[in-house]
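To start, the structure under review is shown below, and the notes come after it.
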Amino acid sequence: MMESRHAQRKNEHLSLAAKYYDQVHQHHYFDQVRLIHDSLPEMTTDDVDLHVQLADNLEIECPFYIEAMTGGSDQALKINRQLAQLAHKHHLAMATGSLSIISKDPQSFSSFEIIREENPDGIIFANLSANASLDQAINAISLLKANALELHINAAQELIMPEGDRDFNWLDNIQYLVSELEVPVIVKEVGFGMSKTTIAKLQTHDVHLINVSGRGGTNFAAIENRRNHDINFESLLDWGQTTPESLLEAHSIRRGKTEIIASGGITSPLDVIKAGVLGARAVGVAGYFLNILQNEGYEALDQTLGEWQVIVKRLLALLGCSSFTELSRVEYVLGTDLLSYARQRHLR
């Protein structure tokens, strides 16, 4: 049976993400962050606890997790099944791709449902657009028995997308969903990063979990521009803030019980640690894990996830930190470009 045009678009996204993977990873922005070594950590690896408390009712067993990738097609179902199996095995949280498609193509739900089937007791974040209705949000959470809801904000992607939305009045709806839902709400960019202005707006609208999702990983500007045969948005291919820049922005404005999550261009356990040093409470990884799964296979990703957990724990011990949250006290220096950005933005 031929898949719907919505499912075909999801397959296009997967294909183009793979096509542009090497291109978007030519620049590794976390190289602009250097950690200061202390030769006397006074710590054992047994002292390290990887658990992270993101909210009163949301704890994850490891500071990095499998970030939102895909859903809505047969190909996505296969990918989500494998990712969910690995999330279950390694006790990792996992975010779904956008569930917005199920209101237009109800048959696509099986590609999301498989995540809960393969990981019945794990931490799962459902994912919807920031303009989702309360009924859509409640339905998505209920169908997946989700532990949290990600609301993605993706104005740049939508504007480049030929069939994208053109209305970005999101803040009031976000605040309404936060107030009405029983699970924590994470507001997430999709690879364009956040400024301190954005983060301040979210905080004043009662958002306390913010994923800055910076430039450096999957590039939806490039993906949607390739799909757009009418207008060329090539000038926006490097639009937005990188993940380190976004974390510095967040650190300058974060207040109260707001917790920052990082994603975008995370390709190593050291990147996870550096994100924590810059203020992230947790770190999402999507493109890097998907690339391994698609090109090297299930067993290779299985091995990678296990190794990352071991390395993150050992790096925490090396830095004298018994938990991921203690990374905020680790000293660091910035490379020339990132330091210049921070000074011009009055971030340090």
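Note that Cβ sites are derived from N, Cα and C of the backbone, with glycine treated the same way.
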Of the candidates SER39, SER98, SER100, SER103, the one that Swiss-Prot places in the FMN site of ALA68, MET69, THR70, ASN127, LYS188, SER213, THR218, ALA286, GLY287: SER98
Count of other CB atoms lying within 10 Å of the CB belonging to THR70 (FMN binding site): 24
Count of other CB atoms lying within 10 Å of the CB belonging to SER213 (FMN binding site): 33
Same-chain residues at least 6 apart in sequence whose Cβ lies under 8 Å from ALA68 (FMN binding site): ALA95, THR96, GLY97, SER98, PHE125, ASN127, GLU150, HIS152, LYS188, GLY284, ALA286
Listed binding-site residues (ASN127, GLN157), ranked by Cβ neighbours within 10 Å, top entry: ASN127
Rounded distance in angstrom between the Cα atoms of THR70 (FMN binding site) and GLN157 (substrate binding site): 16
8 Å Cβ shell about ALA68, MET69, THR70, SER98, ASN127, LYS188, SER213, THR218, ALA286, GLY287 centroid, FMN site members excluded: GLU67, ALA95, GLY97, HIS152, VAL190, SER263, GLY284
